[in-house]
Amino acid sequence: MDAGPTEGPDPFSRALPLPFRLLLELILGFWLWALNLHGFHLLNIDIFTLVRYPIRPDGEESHLHTSTYRLAAILSGMWMFAIVVFWNVTRGDAELVVQYDWIPNVLFFAMMGVLVLPRVGLGKMMFGTRNSQGVVRLFQGLKRCAIGGIAKPKPEKFGDVLLADALTSYSKPISEVFVTFCMFFKGLHTTNKPDRLCAHEAIVPLAIAWPFMIRLSQCLKEGQGANALKYATAFPVIIFSSIARNNPGYQFFWTLAALTNSLYSFWWDISRDWDLTLLSQTYHAQPEKPFGLRQHRIFKLPMIYYVVIVFDLIFRFAWSMKLSLHLVYLDGIEGGIFLLEIMELLRRWVWVYFRVETEYVRNLPATSIDL
């Protein structure tokens, strides 16, 4: 039987209520993207050309990742200040945790204000005119991708693909945002036990499915049927998980759907997104390259690729668990849900390195690649 929000927050949520967790995941996303950008800079991968960034830094090549680090640090400072104040006034007491829900609520709107700042004069003074372009570009991409759109000029599409794929990794946190807002507008305390049946039981499944609908729409518009199928396999996982919550007999169908989604997505990561030949019939056709990889690579050590392949396989299955609605209604696993969400963000962070590396290799003459 589903636990209601009146039962109060569980021990994990007393220390880290849902609104704080969501904001922490947002901040982590900025830190990981900054690390991606920094890595591309160190590897001499021209990310500006790949994503058609409107302004290329003059003289100081680190502008883009430095400004992203700066934004992540500002948001982190705000979050740390708020959580320390929250811990000091609540001291783990369930009633006080619920009573002081205004602290993370105010923090949310303050952080949203910081993200909007680069669009106005004050923000440009803080981040610099050139560096403010990054957040502006982010909002433009989100606006376009939110309805399944994609940049029309072919060279600009890669940036939208990266953004939309990142949204699929945030599918569960996005659904939690809907839950939090629903509780807020219904007059419930947002730091209480999450009411994932708030408004309607279909809200959470639809919110989780939304990022996959975006990528499915983009793939269909581009005529990429096989890629569209990858995102379509997420829907049975969500549907059967929702049904299995009240009908355990559907557990088998959920398991089958989760296995199909995880295995197909893993194959796509390795064979199509990263152009590795491990799961391809052509893996033996090029004896001059390491087993299961490709001839042209940016990372010199083959072991890096093998470790990442295993990492992606393990975390792909954890990702399917994250989509599972019948798990999130169980008591006492808020910490486990949060861990699965963090694991998916880390998987996406690693995936971006090798997806961008692959795109970079595809766009370079073979003779110019330093193995």
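Cβ coordinates come from backbone N, Cα and C, glycine included.
Annotation source TrEMBL lists transmembrane segment at 30-51, 71-90, 102-122, 303-321. The annotation domain 'EXS' is assigned in TrEMBL to 189-371.
Same-chain residues lying 6+ beyond the ends of the transmembrane segment (30-51) with a Cβ under 8 Å from its Cβ atoms: 61-62, 64-65, 68-69, 71-72, 75-76, 156, 158-159, 162, 298, 345-346, 348-349, 352-353, 356-357, 359-360, 363. For the domain 'EXS' (189-371), the model gives a mean pLDDT of 87.
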